[in-house]
Amino acid sequence: MANGSSPDAAHRAHILENPLRTYLLGIIISICGNVLISISLNIQKYAHVRQSQRGSKPYYTSGTWWCGVALMGFGELGNFAAYGFAPASLIAPLGCVSVIASAVLSVVFLKETMRASDIVGGTLAITGTYVLVNFAPHTTIHITAHLVQYYVMNWHFLLYLLLEMLLFCFLLYLYKMRNVKHIVIVMLLVALLASLTVISVKAVSGMITESITGQLQLIYPIFYVMGVIMIVSCAFQIKFLNQAMKMFDATEVVPINFVFFTTSAIVAGIVFYEEFEELALLNIFMFLLGCLLSFLGVFLIARNRPKIKLQNPNCISMDKIPRRSHTDRVQPEAQTYGSLAAKLMCNRAGQSDDA
């Protein structure tokens with residue numbers, strides 16, 4: 001890149017000779033990773049429900065829960081590897097596969113009810129996924145250290161990074177200093193960090209892939225710079241996402257996070273990796289239509305999902321309390337005080353469990 005060659009020639013020099021096979025490999029790895037993530041989430045949720053019903057040991061002592069955590073790690077590793085084979089603007093929207101699979105598996109594992117909105121949402125999400133996979137950019141390039149350095153110094157990315165930093169500081173000022181706790185502000189903070197995460201993850205994953213195939217990229221400082229950016233941005237992204245989950249309901253956080261994350265990943269892929277370069281206008285329109293269908297499908301699946309109520313083992317169910325017969329001679333005052341005492345004991349037991 002430093003030998004004075006033109007940017008277009010430098011970019012085309014890294015295009016793979018047979019991109020279709022690598023492109024499909026990235027799609028398959030991403031889908032498998034998202035399915036593993038959905039399985040892991042349902043296994044962890046099942047472990048929480050079972051441990052709460054038994055009221056015995058904490059959930060982290062359950063082997064089932066740790067099995068779910070291990071599957072989560074493999075799923076995230078698959079998503080990480082997929083960025084090295086396919087465009088970031090394609091891998092990010094495939095996250096809807098995890099939402100669809102979770103809705104199906106929750107019916108099988110957790111005995112949740114399959115709603116009409118789940119069927120309609122799943123159909124829309126699958127249709128959108130099919131459309132965006134077919135019309136997404138199919139050009140796959142070698143991610144080398146020299147190419148990443150060239151992209152970092154591109155004025156398009158520098159301008160994008162400046163605008164993103166200004167917007168992030170403004171939103172952080174509203175969130176921290178002005179105490180504006182709106183879900184859009186928190187999720188925009190997550191999305192802005194996610195764009196840097198996607199850029200760095202694809203760079204690190206691509207350079208590792210190139211190193212495995214024979215061209216060692218780990219000797220260049222840009223690899224470790226991108227690794228630090230990946231870790232730091234991912235850590236703060238998780239921090240703000242956890243805060244959003246504490247302040248707002250999951251039925252609001254999940255669809256908004258998916259829409260914002262996917263949008264930021266697509267924009268990052270367009271600006272940094274120039275993934276929409278030479279893409280036909282029809283392909284761009286159909287790709288955006290596929291994303292819109294996926295967004296709508298995820299919203300319908302996550303909207304008003306039924307919650308599993310965990311029964312406190314220290315409380316007695318109302319149907320198990322014997323009713324007073326006609327021969328019982330219980331004073332009304334004693335019955336009232338007894339009911340009040342039972343409620344207080346139940347509440348105190350619940351508070352001790354929460355502590």
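Here the Cβ of each residue, glycine as well, is placed from N, Cα and C on the backbone.
Feature list (source: TrEMBL):
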TRANSMEM  20-43  transmembrane segment
TRANSMEM  64-85  transmembrane segment
TRANSMEM  91-110  transmembrane segment
TRANSMEM  119-137  transmembrane segment
TRANSMEM  157-175  transmembrane segment
TRANSMEM  182-201  transmembrane segment
TRANSMEM  221-241  transmembrane segment
TRANSMEM  253-273  transmembrane segment
TRANSMEM  279-302  transmembrane segment
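For the transmembrane segment (279-302), the most Cβ-contacting stretch among 20-43, 91-110, 182-201, 221-241 is 91-110 (pairs under 8 Å). Taking every listed stretch (20-43, 91-110, 157-175, 253-273) in turn, the largest tally of C-beta pairs under 8 A with the transmembrane segment (119-137) is reached by 91-110. Beyond the transmembrane segment (253-273), the same-chain residues lying 6 or more positions past its ends with a Cβ under 8 Å from any Cβ of the stretch are 87-89, 91-93, 95-96, 99, 141, 151, 154, 156-157, 160, 183-184, 187-188, 190-192, 194-196, 198-199, 202, 241, 244-245, 291, 294-295, 298-299, 302-303.
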